Structure formats: structure tokens, C-alpha cells
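What TrEMBL says about this protein:
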TRANSMEM  52-71  transmembrane segment
TRANSMEM  83-102  transmembrane segment
TRANSMEM  114-132  transmembrane segment
TRANSMEM  144-167  transmembrane segment
TRANSMEM  187-204  transmembrane segment
TRANSMEM  216-238  transmembrane segment
TRANSMEM  250-271  transmembrane segment
TRANSMEM  305-330  transmembrane segment
Amino acid sequence: MMSPNQISENRGLSRPPTFRQTPLQVIHFIGNLMRIWSVYSVHRYLSQTGASVVLFIFSCLVPSSIIFLLLQRPWKGRPLSTNQVVPSVINGGITALYFILWGKGLKTCGPLRIILAEYSGAVLGVLSAVVYRRGNVWKKVGGLLAMLASFYFLSQGWAFATGFPFSFSDSQDAEVQPEEVLEVKDMLIPLLAGILSALRRVISRRVSLKNQLKRRLNAISIASATCFLFPVAMWDMIIGSTSVELPFSAWAFSSFVLFGIILIFYVDSIAEERLHMVFSSQRHLLVAGGCVIIMEIVYKMDFSLLGFLLCAAILGFGMNCRFSFNLFFFC
């Protein structure tokens, strides 16, 4: 017969894992909220000052790479093999291109569009399913069409109060700056940035599935991205502008370095390892969507809650149609 103490211990062990994961879920939400806050700060800085995207990204990557190298110290511990270092360096070049396209897309399309466009990397899972003929291919294609429809509605401004066709309010706040309707080709830059973001995650996981080793290799990738971006930034400084006077925002710079690059890497690593929440999942989209709604309200943007929920729901439906393959591709 079991004693009362043993019964209480068994009850404690039989608790569902959701209770133990709640603090991690809170950390994940706060980390994404801080990251998205930095994105809105960077967008306001770039749109108001007209600063160079390349120079700003480069100035943020320099301290980020130093911090990552000091924290992870990839030169210590078990020596890294060439099969690990070379893909990480190549991943650095992809990361540099991703940041350039991401910054350009943020400046032209706005934070809401660029954040949702980051999930366009899910199309890689569809293409892989077609190539390898894994699962229901037509279901994957249907998910792809749903995602493309969501991005089309975003380009037409459905997530904004001035562009949503089913808006029931005719009054418009004078302080709110209306968002422009984009052509389909204008959405290509953020969509390509999202695909490159997914590609660099795939390369990182293919090189190493161990979390500690992945962090060391990430430090190498960020440092490589900084090196790849250096000649581009110098060329942009010499040729790109006639004035050498660069406006500077301490908050936009520091928040993007701390929250947009460094903190979000560790938060996403915890989410993948402990919560089993990959980036291109509906749960991750739900967290990002909640953070976007908060920031749109705080920054008093041209925002339609109903239109945003509709675009996000269509995007989530498309991601759900190809999520069964997501575990294989892990993007």
C-alpha cells in the first residue's frame, strides 16, 4: 500500500507538461515582443531619417558578432571540423544577404508586412515535398496557394484600416499615416528575405543538431556575415550618398542589437529545444501576431484588426497544410 507522501509525489510527477512549460512560453512571448518592438523602432528610424539600410545593418552586426563571439567562444572546447566551419561561413554570406533584403523590405513595406513575410520560408517545405514526393503533394500545393493569397492581400493593404475593403468605419484619425498599396513585385524583397531566413536556419540545423554546438557555429555565421557585409557597407558609404553625415538613433541601434539579433536567437533556441516550437509553425505565428497587434496599437499605426486576423488566418491555414512535412525540413 502506498504512503500519502508517495501518492503526493506521483501526483506531482503526473502533472501535464504544460504547467512546466508556461514560464518558457512567457519568456518566448516576451522575447518576441521585444524583438518586434525593435523592428518597429528601426522602421521609424529608417523611414524618418532616410538612413542607409546597409550601413545601419552593418553597424548592428559588428557589436552583435563581437558579443556572440565573447559569449560562445567557438575557438574553445572541442575543435570544430571543416565540415562544420565551412557551411557556417557560407551561412554567414546567406545571413548577410538576408539582412540586406530584410532591411530594404522593412523600409519599403513596413513592419507588419515584413514580419508576416518572414514566414514565406515555409514554401521551401512545399518545394521539397514536391521534389521528394513526400506526403500529399496537392495538399502542400493548396497550402502554398493559401500563403500566396495571404501575401497578396497584405500587398493590397488588407491589414490596414485604409486598405481593408470591408471596413465599416469611415472616420480616419488625422495622426495616422495611411499605408500605401504595393504592387505584387514590391512584396518580392520581403518574401525573398523570408526564404533566405528559412534557408539559413536549415543549414544551421543540418550542420549540427546539438544546441550548444549550434550556438558556437551561429557565432561564426554572424561574424562571417559581418565580414561579407563590410565591403558592401564601405561601397555604400563612398558611392551611395553624397553626405557623410549619418543620423543616429541610440534606441533603434541598441534595441535591434540586443533584442532583434542576440536575444531572439536564444529565445528561439529555447523554444525549439524545450517547447518544440519551430519558426514556421502556427504557434510561432500566433505569438508573432499577438505581438504585432500590441505594437500596431502602441505606435498608432494604420491598422485593421479584422483585416490582419484574416490575412494571418489564411497564412496559418497555408502553413498548416504543409506542417506535416515541416518536421522533416525543420524550417
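The backbone N, Cα and C atoms fix where each Cβ goes, and this holds for glycine too.
TrEMBL entries are annotated by machine, without manual review.
The structure displayed is predicted, hence computed values, not measured ones.
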Q: State the residues, same chain only, that lie 6 or more residues beyond the ends of the transmembrane segment (187-204) and have a CB under 8 A from a CB inside it; answer 'none' if no residue qualifies.
A: 87-88, 90-91, 94-95, 97-98, 101-102, 104-106, 108-109, 113-114, 117-124, 151-152, 154-155, 214, 217-218, 221, 279-280, 329-331
Q. In the same chain, who gets a Cβ under 8 Å from the transmembrane segment (250-271) while lying at least 6 residues past its ends?
A. 24, 27-28, 31-32, 34-35, 37-39, 41-42, 44-45, 56, 59-61, 63-64, 67-68, 211, 214-215, 218, 222, 277, 279, 284
Q) Would the transmembrane segment (52-71) count as touching the transmembrane segment (216-238), if touching means at least three Cβ pairs under 8 Å and pairs must be 6 or more apart in sequence? A) yes
